[in-house]
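This report refers to the structure that appears directly beneath it.
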Amino acid sequence: PRVCVVGSGPGGFYTAQHILKHHGGALVDIYEKLPVPFGLVRFGVAPDHPEVKNVINTFTQTARSERCAYYGNVTVGRDVTVPELQQAYHAVVLSYGAEDSRVLGIPGENLSGVYSARAFVGWYNGLPENRDLKPDLSCETALILGHGNVALDIARILLSPLQLLRKTDITDSSLAALACSKVKRVWLVGRRGPLQVAFTIKELREMINLSGARAVLDPADFTGLESAVKDAPRPRKRLTELMIKTALEKPVEMQATAAGAAALREWGLKFQRSPQEVLPSADGRRVRAIRMALTRLEGSGDSAKAIPTGDVEELECGLVLSSIGYRSLPLDPAVPFDSQRGVIPNSSGRVEGVPGLYCSGWVKRGPTGVIITTMNDSFDTAQSVLEDLQGGVLDISPSREGFGLVEGILHSRGVRPVSFLDWEKIDAAEVARGKAAGKPREKIVDPAEMLQIIGH
């Protein structure tokens, strides 16, 4: 059987890996719109978390299997359609992730100085589409809307000492911008309370221990929570206890750094505030503050809803980063799509009403969870494909040409795919450039330059 996977992030690679491992004859082709593979492992994981990127080694083994092929620089839905892929393969799995951001839907969100977390992360991680972002870091106070791990990542990058970032694979241009940054205070604001934060204890602890930055948590926000969290699941309990402990600690006057005490940076969590409007500067162009509606919680635990109380406050800031979630987009008119939930309607990864079409990763279940969540989810979809192959649901009697058919289509449309060997040349060039600068790699951010390196 010939199987094709659309998307080379964790969702795509884990799906391919599971099918290859458990079906000795299956051939899997992976399509990716960028010349370079690995999706959010390359473009989402924070530069100072290199250990999380180790899964790339596993993905590389999968891609090097003689039953697997990688075709980068191919945009499915434009260069080749999903129905065309269905003619070429026995099964098609869509694992293209979430390539958009949820919008705030409030006045002023298009002012200069307001960015989506996705674009900001893409900028410091070298995602080609965000390479020209040029965020304005000339203000002292930044405000991040959202209480997830991505929000903490951004806060950490904004406040990290440069010598820590210099040893990572953060892009050269963002490192230069951060070196001139005036940001010294970061507020992370959420609509709900401390019991509803979505970040994990590992990320919070890392932020609390960040050198040269102090945590500012208001003890009043945590009143009575110790008893409320008594019977909560252990991860939630430990996370809340760490926030309470941090809030109650007397701030130790931090050792004056060599640059003098003025270099002190701080960050904090603000709760039960919902953004109403981004307020402009006097010239009407830039962000000056955000008007927040104060909220009260109805219900408890994860299902608690934030209801506006009628009171408002203004938080001054010169930089706003909206980290309220990623969003998947429809890929091809031939594929059913639930635009309310931003997912492809499916049952265990089988796309509803379209036999032979599957989905895995964020486009299957929504943009939540970490790499391990996506791994389990992808294995689940791969299992559905294997069951359908074994149970005769997928008819594999007609032989399918796979890439043989697609290659002709791409050629007729002037598209030249990039192979995994090509990627390894780009990879080697990045590592060599990084070595010269004492970094693990210097990412190439311009696709034209990537294609030039491989002689396309």
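Quick reminder: no glycine exception, Cβ is built from N, Cα and C everywhere.
Noted in TrEMBL for the protein shown:
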{"type": "DOMAIN", "residues": "2-158", "note": "domain 'FAD/NAD(P)-binding'"}
{"type": "BINDING", "residues": "Glu32, Leu40, Val76, Trp362, Gly369, Val370, Ile371", "note": "FAD binding site"}
{"type": "BINDING", "residues": "His147, Gly148, Asn149, Val150, Arg191, Arg192, Glu203, Gly369", "note": "NADP(+) binding site"}
Under 8 Å by Cβ from Gly369 (FAD binding site), counting only residues of that chain that are 6 or more apart: Asp377
Binding-site residues compared (Glu32, Glu203) - the one with the fewest other Cβ atoms within 10 Å: Glu203
Cα separation, Val370 (FAD binding site) to Val150 (NADP(+) binding site) (Å, whole number): 11
Max CA-CA distance, Å, over listed FAD-binding residues Glu32, Leu40, Val76, Trp362, Gly369, Val370, Ile371: 25
Stretch-averaged pLDDT - the domain 'FAD/NAD(P)-binding' (2-158): 97
Distance [Cα-Cα, Å, rounded] between Val76 (FAD binding site) and His147 (NADP(+) binding site): 33
Nonlocal residues around Trp362 (FAD binding site), in sequence order (Cβ under 8 Å, 6 or more apart): Gly11, Gly97, Ala98, Tyr326, Ser328, Thr368, Thr374
Spatial neighbours, same chain, of His147 (NADP(+) binding site) - Cβ under 8 Å, 6+ residues apart: Leu188, Val189, Gly190, Arg192, Gln196, Val197, Ala198, Phe199, Leu269
Distance [Cα-Cα, Å, rounded] between Asn149 (NADP(+) binding site) and Val370 (FAD binding site): 9
Rounded inter-Cα distance in Å - Val370 (FAD binding site), Gly148 (NADP(+) binding site): 11
Sparsest-packed among the binding-site residues, when each Cβ's other Cβ atoms within 10 Å are tallied, from Leu40, Val76, Val150, Val370, Ile371: Val370
Taking residues His147, Gly148, Asn149, Val150, Arg191, Arg192, Glu203, Gly369, which bind NADP(+) in the record, the widest Cα spacing (Å, whole number): 20
Cα-nearest neighbour of Glu32 (FAD binding site) within the listed binding-site residues, Gly148, Arg191, Glu203: Gly148
